[in-house]
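As recorded in TrEMBL:
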DOMAIN    179-236  domain 'PAS'
DOMAIN    243-292  domain 'PAC'
DOMAIN    324-457  domain 'GGDEF'
DOMAIN    466-720  domain 'EAL'
Amino acid sequence: MSHRSTLDQMAASMTPPAEEIAERLAYLDIQPSDLSALRELRPLIKPHLDAVIEAFYSHLYQFPQLRAMLADAHVAQRLHLAHVTYFDRLTEGEIGADYVQNRLRIGLVHHHCGLEPIWYIGAYRKYLTELAPLIRRLLSDTPERIPPALHALGKVATFDVALALDTYIECGRRQILELKDYSEQIISSLPCGVIVADSDGRVRTVNQAMLDISGFSEQELLQRRRDDLIPPPGRELTEGYPQPHEFLLRRREGDPVWVKATFAPMHAANSGTVTVVEDISQRKRYEEDLVRLANYDALTGLANRTLLLIRLEHAIAAARRQQRAAAILFLDLDRFKTINDSLGHDAGDRVLIEVGRRIQRVVRETDTVARLGGDEFVVFLSDLYDEAPAAILSHAILDVLSRPMLILGHEISLSCSIGISVYPQDGADAKQLLKNADAAMYQAKALGRCNYQYYSPEMNARTLDRLTLENGLRHAIERHELVVLYQPQYSLATGAMTGVEALLRWLPPGRDVITPDVFIPIAEDSGLIVPIGEWVLRTACAQQVAWKQAGLGSLRIAVNLSARQFRQAGMEVMVAQALEDSGCDAGCLELEITESVLMDRPDSAAETLQRLSRMGVRLAIDDFGTGYSSLAYLKRFPIDVLKIDRSFVRDIPGDSDDAAIATAVTALAHSMHMSVVAEGVETEAQRDFLRSLQCDYVQGYLYSKPIAADAVATLLKLAL
């Protein structure tokens, strides 16, 4: 439909019935004599209208806003003729529906052009001012006709102005209705629930999403108060700040649903509040999954190392205050590897689950049973008067584990070795007690297994071996005994190699390769990790540049940061210097930090991560899910990548718990705009399952073992 047709229809719809027109004329006291006077005046004025309009336009050109509207000469000429016709009809002396509709249409045109009412009314004032002396001159021979003519002209001009104002009011009303309809459509289509309440808290408007979340009908909600559904906001709302609150909303059926409600005041005369309600049930489920993942062993459901250390520290503090004792039993299953190798990992996992159950059956309710990983378990006894209960419980554990268990049709007999450390004589904190209980456990194994041993300071065999390794490690860099290997990372979307992880190996002369799990803890404790870590970082950055200069592309390179490195003063300066010296682009470097390192001192960690992120370096949380304890901090860390720990990849998709964890981690990462890397991918089934989750990158033996830099170059050349 054309714009002209739209205006015609609108003018027609606004034209009042004949009775109302008559009423308006009567109110303005427009009599037949007035119309007759106008008709008599019309032929006298008509020859002079061009001159009147010329004077009228000279006046208009004095005002910038009006001058801009008349800048086009053709437009100005057309308007000039239109005004002549318009003002000529003013003295037509026939005021009926056609006249009114014509005046309304002209008013609509002026509104559409953006002419404000002040200019519209002013035009009539100018017209009458120009016309009055002309009428006096034209009727000078019959001066008695002048007052009636001027009065009639003033009345009909007032009638016209009223019609013009009607058009502006109607256009404004329609715009308000359009905006109201537009806003209602927006609110209705929002995925979040919306509640609009008045200043008394009564619900005035709700959208469909709110009905879906609450289970109530619109009529039911409109009869309620907002506070019946949602806890009232605090003082912050009265201060004008939108405030989100998370709580359990009770649905109509009575079942609870987690929601986040954000309150915002409507400032127009304290007219109420708008509350946006978001269903966060799925996020809460992810959080609950991750809390379990952070504090409990996924396989056995027992406490993990993180939760164990928390409970140990609390119990030791209580024992110190009450001058009581506490004990740690460190258990390691004897020859468990044989079960895994002969019966498979599924059988091994079932054995570990059964071991956890049996230990729980013989401990006190106040004792903590934890699985540290692999076949290592810890039992913590608190509130002791002496160490005797530790020996009694050790006997009970040895006995209950010695009883045969039926696993996948196989009868399996187990034994374990137990090391015991006692607070306060064997250590003043949790880590020292665990370390000494571990040493005592190895002594139990050395004495033939299937027994328990109390820790004693004489257990120094392992300490001696450790010192030997530490001394060798001090010279490993200068003797060129350290080697950096690289494990490729591949995009699941494209299949292309997108990066590598730098992995350190130690090759001392005359010995087998020493893996990081053996020498990294020694390097960490001794402080050697700082120079070794810097050497690895510089080597990796230089290698990345070498591949790039060889025309093999800008490969992303991931380097692990140890706890001590991460906390080292000036660590960011060291990273920046390594990048500058090598010429490696910061965006190609990815630094991996474990969850436990970040959560040890989360506030300090957040500051360090922010500084690294501002440098352009990518940041990854390594082994995600093995030690994290606070999602609140995850939101604060500028993390780019989450790495799913291999322990959660190993048994997918068959293991439903691991599959659920991988799903939750991937969904959480993507919801926070992070990439996901799964490590330890060894089978096509694992790869396909991770691809179905839209996991971004993978690494593992399915693709490649850690390889030398030259081998990486070969793979890259083959892909060109």
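Using N, Cα and C of the backbone, Cβ positions are placed for all residues, glycine too.
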Top Cβ-contact partner of the domain 'EAL' (466-720) among 179-236, 243-292, 324-457 (pairs under 8 Å): 243-292
Residue counts (helix, strand, coil, in that order) that DSSP gives for the domain 'GGDEF' (324-457): 58 helix, 41 strand, 35 coil
Helix, strand and coil residues within the domain 'PAS' (179-236) as assigned by DSSP: 29 helix, 11 strand, 18 coil
